[in-house]
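One structure is given below, encoded as structure tokens.
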Amino acid sequence: MDWTIFSFLLADGLQNGTIYALLALCLVLVFAVTRVILVPLGELLMFAPLSYALLLQGQFPGTAWLSAAMLVAWALLDRNRLRLALALLLLAGVVLGLAYWGSHGAPGWVAWLLAVLIVLPMGPATYRLFFEPLPHGTVLVYLILAVGLHFVYQGLGLVFFGPEQYRPPALLSGEASLGTVPLPRQVFVVYAFAFLAMLGLYLFFTRSLYGKALRACAVNRLGARISGINPSEAGRVAFLLATAIAAVSGMLIAPLVNAAYFMGFLLGLKGFVAGILGGLISYPMAVGGALVVGLLESYSSFTASAYKEAIVFALLLPVLFWRSLRTLELGGEEE
Amino acid sequence: MRPLLLVLLALLLLAPLFLPPFYITLLNFVAFGSLVALGLYLLTGMAGMTSFGQAAFMGLAAYATALLTTKMGLSPWLTLPIGLLFAGVGALVLGGLTVRLKGHYLPLSTIAWQMALFIVLGSWTALTGGHTGLPDLPAVSIMGFSFRTEDSFYYLSWAFALLAAWGAANLTGSRVGRALRALRGDAVAAASFGVHPPSLKLQVFLLAALLAGLAGWLYAHFLRFVNPSPFGLEASIKYLIMAVVGGIGSIPGVFLGASLITGLEEWLKDILPKVFGRTGNYEVIAYGLVLVVILILAPRGLWPFLERYLPHPTPRRPQGMGLPARQVQGLEVPKGEVILEVERLSKAFGGLLAVCDLSFQLRRGEVLGLIGPNGAGKSTCFNLITGVHAPTKGQVRFKGQAISGLAPFTVHEKGIGRTFQHPHLFPEMTVLENAALGTYARTRAGMLSCLLGTNRREEAAALSEAYRALERVGLAELAHHKAGGLALGQQRLLEIARALASSPEVLLLDEPAAGLRAAEKLELARLIRRLAAEGITVLLVDHDMDLVMGLVDRVVVMHYGEKLAEGTPREVQKNPKVIEAYLGQEVA
């Protein structure tokens, strides 16, 4: 391995690590507030660029139907709260309208935004439809549910988009070179977004009352509830934020690594590995873990490319061992 | 129940006579699925853990047997234990790393393990043949008879499946089964009665992996061909769905689920390409939806709906002698010897000093009261003695031996029984089973003995001991009711019965009278006096002064974590510092 290859792999590892870091942040965010391990996050990430690709081809994306259908189902569940239900129905109509506009000659940058907007309602709706009905579920039940949803979304992704890979246009085209390493300009957009998202989350959780309320839910649901915070609402907000970050991440990386219905799961899983490095609790450690995962993957793809995923997942073992040594608690009881 | 079971067994036995080969093949797959799902029943239904990697354990055993039989010519009967060994070692490594961590680490790491193994199976072409797989496995044969047809193999697979179900049923009602179910509910309470949570979790994870490995071996020799696809994450999820759909909390539910999902899979393979007009992996949508809908609408699966229509066996009162009494070294030891000694004990939670420099002695045969206003550190003191918390400073000695810092199960085994201030019972288990958990440290049967049912005699003795403990506290009539339906006073009595079933030398009672009615309190006082007369040493925490003062030989008063006073009830009641702590300072 010479210097050029080394720095090339470094750039590649950092780029992927940044994506995993964003996913890990979303997973930690959702887990902390709702105790749901959001396995289908990777699918939500892929839905956005795939929808964008279809919009650009002038096709109506199936995700719009799914998004609208979930909003309608939500409206039916909350039919007793008439204003909310009507607003949800209206929103479902808006989603379909936006998808129609996007597929009938909206300019490219509008279609970009529309794709994100179409996917966005699926986050909170997922929480409302599948997790809120079980307010006292254990982490385990939520995890099984989340895995079930992953299969549903991935299967629907195949129905909507077929097995093809898409490469939507980048926001910034062309390449810049850093020393001897050529870098697509789009990479810098990814870094900028990652930085802004992390800064935004940090400010949200430390400076805004709403963010503090979410953190309160993470620490003690009952206590938060007694102080007038609605844990269901907090859960929906957490899902919304996670979906937003995932969808935008998907839009930004698809021009670099392609988008296909099956790719989200592996991305999400590596986000998990990173999140577990941080114990699913600590944001900075999750980010650090993500960069480790990205670099490890990048360098192992050079030496044993068929096994690079296996090597990343095998990384879990020493990490778990390390955590296991540090833990003094008694068995896996939940609070 | 029994005739129904016999009819089902007869049908199963005769099935190849009247069912076409296609269905017999399906029934073979039902048996494989049931084996894997039985493992999940033990793992998830009983112990409350789960795995998304069971298909990987299947795959390990299947590939082990495929390679060893085709490349080295070994007999399948020899490769069965080797395949199980592979699955077992995998489970020990993965489980060993995660059983001490919080509940969600194990399932998450099984996902990663599942993905990693699948990739290796598909990519290590030189060894595994990659995605083309390994063909031409030999048929299994016994003494010249070879299980080549789906009919003959059917008997082989169902023999294993029924054997596993029998073992699982034995385990369910046994000492280890109770401990597993207790672990799921409340690891602290389980550990306080001698259960070693990480070790038991590891054992059940291993057992589940071995069942999956057995299914993998059968699978490989039934198809006589292996490739990676049946051992992927999707397959693992399919087995989990089988268990969840049928009802992960019951053995018949597992078989029901395995049959339904195997049937559904076949049907979907026919119908889905017609619906979507192109081929693709669309079953996963249906799998996912089935899983989600069942979990939300019928979290206990479909079996409970059928079970309602079946006759319930009438529970029998346990008969026979209880367990042999605990070997107490020298019961002739004079009353009054120091049995438990707390020396300069301190415990800080962050900046809060909950117990500070506390010392007192508990003498054999006495009833010692530990009193103090709310927040005085009494319960923390209990948790320090019983090993739930480790002290920041100081020592606890039991019969001269330091026990502070030991795990709750070790402390319990030495002869200390306890109750909890907020009852830590297992609502899904019967009152008798809850009490029987108390005998855990007095019984020895391990996982294997419980599986094979060779622990019958000990089990009967344990149940009878538990029943006697219930009789002593007056709960015997409720023995077969679920503990979740008890009133608070009854829950406290059950806590005491469970502690009694452990035949403790020292009994720690944490506010046993809180929430009891006046008549119940009198009854409780009589019970405690009787226990003391029998030679049990009692440390009692309570707020009810009438109860405490009328019952105890000596009192230790705690205030803000420190000892305020110590002496006979009469001395303490006159102590001005105690009066001040309870009634406030006298206004001059």
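Quick reminder: no glycine exception, Cβ is built from N, Cα and C everywhere.
Features as listed in TrEMBL:
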- A:20-38: transmembrane segment (TRANSMEM)
- A:58-77: transmembrane segment (TRANSMEM)
- A:84-103: transmembrane segment (TRANSMEM)
- A:109-127: transmembrane segment (TRANSMEM)
- A:139-163: transmembrane segment (TRANSMEM)
- A:183-205: transmembrane segment (TRANSMEM)
- A:237-266: transmembrane segment (TRANSMEM)
- A:272-294: transmembrane segment (TRANSMEM)
Recorded stretches the transmembrane segment (A:183-205) and the transmembrane segment (A:58-77) touching, at least 3 CB pairs under 8 Å: no
Beyond the flanks of the transmembrane segment (A:20-38) by at least 6 residues, Cβ under 8 Å: 45, 127, 131, 139, 142-143, 145-146, 193-194, 197-198, 201, 214-215, 217-218, 234-235, 237-239, 241-242, 245-246, 249, 267-268, 270-275, 278, 280-283, 286-287, 289-291, 293-294
Positions whose Cβ lies under 8 angstroms from the transmembrane segment (A:84-103), at least six residues beyond its ends: 51, 54-55, 58-61, 64-65, 67-69, 71-72, 74-76, 78, 110-111, 114-115, 117-118, 121
Remote residues contacting the transmembrane segment (A:139-163) - C-beta distance under 8 A, at least 6 residues beyond either end: 34-40, 42-44, 46-47, 50, 53-54, 61-63, 66, 126, 130-131, 260-262, 264-265, 334
